[in-house]
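The structure's right below; bear with me while I get my questions together.
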Amino acid sequence: MKNDIENSKGDVRPTNRKRTRDHSDDEESCDETEDSADSNQDKGSKSPVVRGKRRRIDNKSLHDTNWEKTFQRLVAYKEIHNHTMVPSHYDEDPPLGLWVSRQRYQYRNDELPSNRLDLLNSIDFAWNLYDKTWRRMFKKLVVYKEKHKNTMVPSQYDEDPKFGKWVSQQRGIYKNDDMPSNRLDLLNSIDFEWEGVQGKKYEKWDDVFQKLVAYNKLHKHTMVPKPYDEDPPLGRWVSTQRKVFNKNKLLKERLDKLNSIGFVWRVLR
């Protein structure tokens with residue numbers, strides 16, 4: 001289960017999409033200063049230029065040193081919290097929260113130097129907050145299921161209001177057919193109850209498949225309408241199978257079972 005969670009969509013480490021600003025820019029500036037220093041040496045005015053060059057190098061070195069010190073604070077944060085999602089308003093260390101946000105901003109705008117990108121990737125830096133947050137909530141749901149033997153987290157859950165709201169949101173996303181297939185598979189893997197506290201417990205894939213088999217025998221086709229008043233979950237389930245198939249993410253054994261009953265993959269509208 002742990003591997004499934006960690007390998008869900010959105011885990012690919014980013015790389016620089018184009019050549020980002022790195023130390024070479026500063027090196028070129030230093031080279032230009034050096035040339036200027038050489039030309040001025042003949043004129044007997046080398047001291048001011050040399051001091052300028054030293055000041056430029058010292059400023060660059062100080063900037064890198066400060067960045068690396070903050071990076072080490074992030075490493076320490078991760079060792080304690082097991083993630084790099086430092087809040088932008090982090091009371092214990094406000095500069096760290098702002099610094100983390102700035103790294104994401106620079107990456108999105110192709111302004112993050114490649115050496116810094118590599119360092120952040122080395123600690124599994126969370127570039128996409130939504131994916132990381134989703135997996136963190138899913139892990140909470142796994143723990144909840146182990147403790148309570150169900151996934152019926154109240155939408156207004158006093159112990160963790162954000163968690164209760166998240167669970168409710170997953171059902172809404174599923175009902176609107178907006179649930180990514182990898183997340184759907186993860187939730188189904190723990191027998192997530194899609195209908196919630198007030199509805200009927202969601203059935204496992206094989207159970208719903210048998211309902212489709214019965215529907216096929218009765219109607220001589222598998223084109224269950226959506227919505228299907230007699231069995232709304234069946235109509236949504238059939239629609240979901242087509243969506244997963246169109247994304248080439250349907251498990252082979254499920255594909256074979258659906259093909260065995262002449263499942264209609266493309267429905268003309």
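Using N, Cα and C of the backbone, Cβ positions are placed for all residues, glycine too.
TrEMBL entries are annotated by machine, without manual review.
For 1-14, the entry in TrEMBL reads compositional bias 'Basic and acidic residues'. For 25-37, the entry in TrEMBL reads compositional bias 'Acidic residues'. Annotation comment: TrEMBL describes 63-125, 131-192, 203-263 as domain 'Helicase-associated'. According to TrEMBL, the region 'Disordered' annotation covers 1-57.
Describe each of these features in terms of where it is and what it packs against.
Applying DSSP to the domain 'Helicase-associated' (203-263) sorts its residues as follows: 39 helix, 0 strand, 22 coil.
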Reported in the order helix, strand, coil, what are the DSSP residue counts of the domain 'Helicase-associated' (63-125)?
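Across the domain 'Helicase-associated' (63-125), the residues distribute as 43 helix, 0 strand, 20 coil.
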Over the span of the domain 'Helicase-associated' (131-192), count residues by DSSP class, listing helix, strand and coil in order.
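Final tally across the stretch: 42 helix, 0 strand, 20 coil.
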